[in-house]
Structure formats: C-alpha cells, structure tokens
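Peer 1: The active site annotation in TrEMBL covers D299. Summarising the annotation, TrEMBL assigns ATP binding site to Q110, K126, E147, A230, A231, L232, L233, E304, D319. Here TrEMBL flags E147, D319 as Mn(2+) binding site. For 194-402, the entry in TrEMBL reads domain 'FAM20 C-terminal'.
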Amino acid sequence: SKLTALFEHPLYNIPIPEVTEKDKLFVVNPMEKFSLRSSGSDEWVSSSKAEMLLQTGKTPYDTYPAWLKFHVGINRYELYPRRDPLMPTLLRDLATQRIVSSVQKSGGTQLKLIMTFPNFGQALFKPMKQTRDQETPIDFFYFSDFERHNAEIAAFHLDRILDFRRIPPVSGRLINITKEIHDITTDKKLAKTFFISPAGNVCFYGECSYYCSTEHALCGKPDRLEGSMAALLPDKTLAKRRSWRSPWRRSYHKSKKAEWELNPNYCAQVRETPPYDRGHRLLDLIDMTVLDFLMGNMDRHHYETFEKFGNDTFLLHLDNGRGFGTHSRDEPSILAPLRQCCSIKKSTYLRLQLLATQPYRLSDLLREALATDPLAPILAEPHLQALDRRLGKVLEVVGRCLAG
C-alpha cells in the first residue's frame, strides 16, 4: 500500500508540540460514561440515565461512541491525529448507522440535511447533484456552480494525504429517500417539498436561497440517492468557532474584480493586518490555497477557527463541495496568495515535493484512499490525473519564488 508507506515516511511523523490541558478543546469529566440501552440495540444513553459496571481495565472514555471520541480528541494543533485508530470506525458509522432524524440545515444556497444517529452522533448530508464525469460548463461563474457530494468525500482524503487534517471525516452513503428522510423528518417545510416525478421516482427540493425548486429537485432511483455524510463538529454552544473572511476572497460579482486581482503587491498590506501580522496564520492560509488549487475550488470566501485557541491554531477547511468540478483546465488565480506572498511552510513544501515522486505519486495515493469509500469510484480518472499536473504547477510557483 502506497498510503501506508506514505504515513510511515519521516515527513509524516514530525511530532506535534506537547498537548497540555489548555490545548484541548474539551476538558472531559472522567466519570461520565455512555452505555447501550439494551443488548442488541444500537442506542446509547448517557451515564446519568444508565447504571453500568465497567469491565475490568476499561475507562469511561472506552464507552464513548466514535463521534464523541472524535470531538474529545480535537486540540489546538490538529482536528484528529495522523494515526487515528478511530477513523475506520467513524467512517463506518457515517456510512451505516441507522438514521433516526433528517432535517434541513438552515442557510446556504443549496439543500443540505442534518441527520442524527441513535448514539446522538450527527452528520451533514449533501445529496448528489451531478454525475462523476460531468464538468462544470466553461460559461458558469464559480458562484453559480453546483456543490458536489463526491468533492466533499475526495477533499477529506486529499486533506489527510497532504497531512493538514483540517477537514472533518466524510463518507459516501446511499440513502433511501422514503425511509431515511420522508418517513422520519419532523421538518414540516421539508416534508412539503416531496413529490413523485413523471418517471415514478421520489423527489424533494427543500427550501433555500437558490437551488431549491422543482427544477432543481433531487430525485432517487426510484428512491435511492447518493450523498456525502460529513461528521459534524461539536455544537457551537459547546465550542465556539470564529468565522474569518479570506483576504483573497473573490468579488462574487459578474464584472467587478477584488483588490487582490488588481494589486500585485496586495500581500504586503495583508502582512500588516492582524491576524496575519504574526504567528503562522498566513502560512496556514497558503496551505489552504494549495489544497484549493489542487481540487480547483474557487469558492473559499471564509474559513473558521475554534475560538478557544485564539489566533494560534489551525484553520478548518469546511465546505469543499465546489472542488473537483473541472479537470481539463486549471485556475491559476487560486494560487494568488502563494504567488503574491512567496511564502510556504517548509514542511508543506517538502511533502509536496515527496508527492511529486513516483513512489508517492499524489494521484495514486488519492485513488487508493478513495477506493475504500462505499460509493467508489469517487472521482473520474481525469480528475486524478489533473492533481499531478496541478501539483507540478504549485512546485513551479515555489521554485520561481526561491529563484527570485
């Protein structure tokens, strides 16, 4: 396995700083435990409702469902560890756990659902909008593009291969629209949007600002629908997140350009503006730029951080559905922060160089990672080939910076 070899490489074993109590997102009550409601059931209850004797040698943490262990493990330096023993369980839960509730997520331009499992875990479901081999039409503006479920899945695995580990775990899942949405939803607005199409398929469209109408309905075959299931981050009431506007945000206007597109020395003023004037925030943003260029995502207008850690922490790479829309052309403007600032983390640069070598070729690694997803194949082959070409272009830009 190339992937196993990659994660054993010295560049993927650089230790993170020691994690103290204040570096953890949550301080855990060591006595709080979870238990199954009854044998053979997949429902969990908190220890306040369950009296349970722990097996010898087991700690209360051992009783937590995978999603809760994921939340408890978040710290200042990483969303999850490199060699995370939880990951296979968490991805399997997203793909197979029984869905007990489906409601529409408010806000946003496209339909998304929040799905809840019996063990209180939750996932964000993004339904399939287009097939693997459809490319975004060349006349489409980036802000009128569809979000793709397979882009969310591929982005998670790519982010992990780059060793950023800033995207919450995502798995593909085939759901039954009737049994797993229609029959169990308590969302009255969503319930009103179901219908049977002329072809006899079950369809629904929800309520949102752009793509929620009968013309953009999501239809099953006859009621089976593909989608991505992303593990939700801890509730914002428990772990506040701060949203930051990207300095290289696009104008979201058909003819107006943003300042960074007109001023080649734009980076100089960003470097003088908090929080980019100290620490590694600008370098973290350039990491995100590299990720976005590799997958062709032009839609990175904001990013988030956990408030508890202040400015000294990683950026969350959320909302990646507009990646992997085109493989036949690259979008050089995405690399503007790298090109204009001529800065990149040494560790990121060394890993990118490694991923351009034959034994660790990026396309091979992502192909291998995606092969384990329930909806495989996730990306059409040309998208994987495009990754190697784009990686070459990133290294060219860094090479020019080094030479200059």
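Placed from the backbone N, Cα and C atoms, the Cβ positions cover glycine too.
Remember, TrEMBL labels are computer predictions, not curated facts.
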Peer 1: In Å, rounded, how far does the Cα of L233 (ATP binding site) sit from the Cα of D299 (active site)?
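Peer 2: Rounded to a whole number, the Cα-Cα distance is 21 Å.
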Peer 1: What subset of the binding-site residues Q110, A231, D319 lies within 10 angstroms of D299 (active site) at the C-alpha level?
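Peer 2: D319, listed in sequence order.
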Peer 1: Taking the Cβ of D299 (active site) as the centre, how many other Cβ atoms fall within a 10 Å radius?
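Peer 2: So the Cβ neighbour count for D299 (active site) comes to 18.
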Peer 1: Return the residues near Q110 (ATP binding site) by Cβ distance under 8 Å, restricted to its own chain and a separation of at least 6 in sequence.
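Peer 2: Residues satisfying the criterion: K126, K129, F146, E147, C208, Y210, Y211, C212, G321.
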